[in-house]
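A.B. asks: Shown below is the structure under consideration.
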Amino acid sequence: MGLWAGWPSWALTKGTEADTPAEWLSRQDHSWAVASFDLANLVSAWPASLLAEYAGRKGCLLAVGVALVASFGVLFAPSRWAVFAARSLAGFCKAVLYASVPGFMAEISADQARGRLNVIVVLSDSLGMLAALSLGPRVPYVIMNGFSMVIGLAFLAAVIRVPETPHYLLSKSRMDDARTALRWYRPRSTSTDNNRRLNQIMLAVQDDMRDPGTYRELFTDDGNRAAVLLVVGACFAQRAGGVGCVLAYSTTTMPTHGPVRPENVAIVFAVVRLACSVVAVPLIDLYGRRPLTLGSHLALAAITAAYALCLLYIDDRPDNWGPSACVILFSMAYSMGAGIVPGALVGEMFPNNVKSHAVTVVSLVSSLGSFIINKAYLPISDAFGVHIMFFVFCIVNAAWAILAYLFLFETKGMSLSAIQDHLDDYNSSSSSENEDKSKLPGPGARS
């Protein structure tokens with residue numbers, strides 16, 4: 001998805017030569033070209049969860065591979081509607097990935113390596129973004145689209161070889177297939193170790209499936225409700241904290257008279273994100289999710305406030321390094337926490353019986369926030385100034401930093417069942433409080 005994340009930054013600023021979006025997209029169309037991705041992500045959230053539940057993790061990845069190839073193929077049509085359709089297909093892909101990949105990564109990884117394995121997804125996304133931002137402005141539009149199609153085909157070919165996860169297979173009572181899949185994912189483990197692990201997975205799946213989850217259970221069960229609120233907060237802040245706008249509009253709304261051209265700043269953004277994501281691989285399991293979240297969002301709040309002040313007071317100066325420096329610092333701060341922690345939390349926080357429902361709710365809320373922010377960015381920036389939106393980003397990041405400090409608990413090194421036990425403590429605490437209240441004498445009781 002990194003290729004699509006970086007697409008607006010280079011494609012919408014291509015020259016007006018034939019067969020480029022500049023030929024058929026107006027300034028007003030730019031915001032829809034960006035936001036149609038989020039709108040499709042929003043409306044696809046529920047169908048994507050159904051696909052994850054009935055087609056499995058591998059089925060979802062196959063669907064994404066086909067849709068990715070189709071999305072880049074649609075771009076060859078010289079039409080504004082082709083752009084909107086392609087971006088919408090890409091938004092569908094993101095919804096399906098959001099519904100399947102966190103669970104997929106959590107189910108195939110060891111407890112100690114779960115965070116690092118989730119970061120690999122971010123690394124791949126950053127690499128695709130870097131390829132888009134570095135190659136896109138320098139090669140013809142059709143060549144870049146063809147290159148992107150080849151990458152999509154390579155992804156599809158790779159997914160065909162990957163087996164379904166043992167968790168999903170056991171949930172469908174396919175014991176032999178689950179044993180074969182576990183051997184594929186753990187080739188160095190002995191048969192005894194794999195059988196022991198298979199029994200653990202089977203017990204966990206049976207425990208989850210004994211009580212089939214519903215959307216109602218997400219909000220009536222205190223533990224599930226706490227998990228939903230925590231993950232929704234993390235994902236909403238990740239999307240609405242400014243990363244989509246910084247990336248998509250950095251080449252169109254950054255000051256053009258500064259010492260560094262906006263398109264070059266966008267490339268540095270991608271390079272820094274890739275490098276910092278590599279650094280973050282060991283940090284997420286070394287220091288934990290909570291410290292990275294707090295540090296990242298506090299830094300993002302300070303950086304977006306500084307960016308807004310630079311635009312507000314020294315926008316027209318040719319030596320104004322502020323916006324360029326802030327974009328690079330934003331990439332660094334985002335990659336070290338906000339960009340990696342929510343994906344890990346999505347895969348960790350929910351039991352299997354409600355996971356697909358929970359991911360749907362989280363995806364709906366975070367996609368709605370992303371759509372509103374990305375659609376409003378350009379009109380508000382044109383009407384009142386870019387600095388207004390960066391003050392909004394500052395507020396979002398600061399608010400989530402405070403809430404995470406108060407409510408987010410650490411999941412580093414915890415097994416998925418241990419995390420559920422911790423969340424179930426909310427039920428125990430709530431029940432104990434209710435029992436204590438019921439034992440209190442009423443106002444008319446005698447001592």
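The backbone N, Cα and C atoms fix where each Cβ goes, glycine too.
Pasting the relevant annotations from TrEMBL:
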DOMAIN    1-412  domain 'Major facilitator superfamily (MFS) profile'
TRANSMEM  59-78  transmembrane segment
TRANSMEM  117-135  transmembrane segment
TRANSMEM  141-162  transmembrane segment
TRANSMEM  226-250  transmembrane segment
TRANSMEM  265-287  transmembrane segment
TRANSMEM  294-314  transmembrane segment
TRANSMEM  320-346  transmembrane segment
TRANSMEM  358-378  transmembrane segment
TRANSMEM  384-408  transmembrane segment
REGION    426-447  region 'Disordered'
A.B. asks: Can you work out whether the transmembrane segment (117-135) touches the transmembrane segment (141-162), with the criterion being 3+ CB pairs under 8 Å where the paired residues are 6 or more apart along the chain?
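C.D. replies: Since 3 or more Cβ pairs under 8 Å link them, the transmembrane segment (117-135) and the transmembrane segment (141-162) do come into contact.
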A.B. asks: Taking 59-78, 141-162, 226-250, 384-408 as candidates, which has the most Cβ pairs under 8 Å with the transmembrane segment (294-314)?
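C.D. replies: If we count Cβ pairs closer than 8 Å to the transmembrane segment (294-314), 384-408 scores highest.
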A.B. asks: Between the stretches 141-162, 226-250, 320-346, which wins on the count of C-beta pairs under 8 angstroms to the transmembrane segment (384-408)?
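C.D. replies: Of the candidates 141-162, 226-250, 320-346, 226-250 scores highest.
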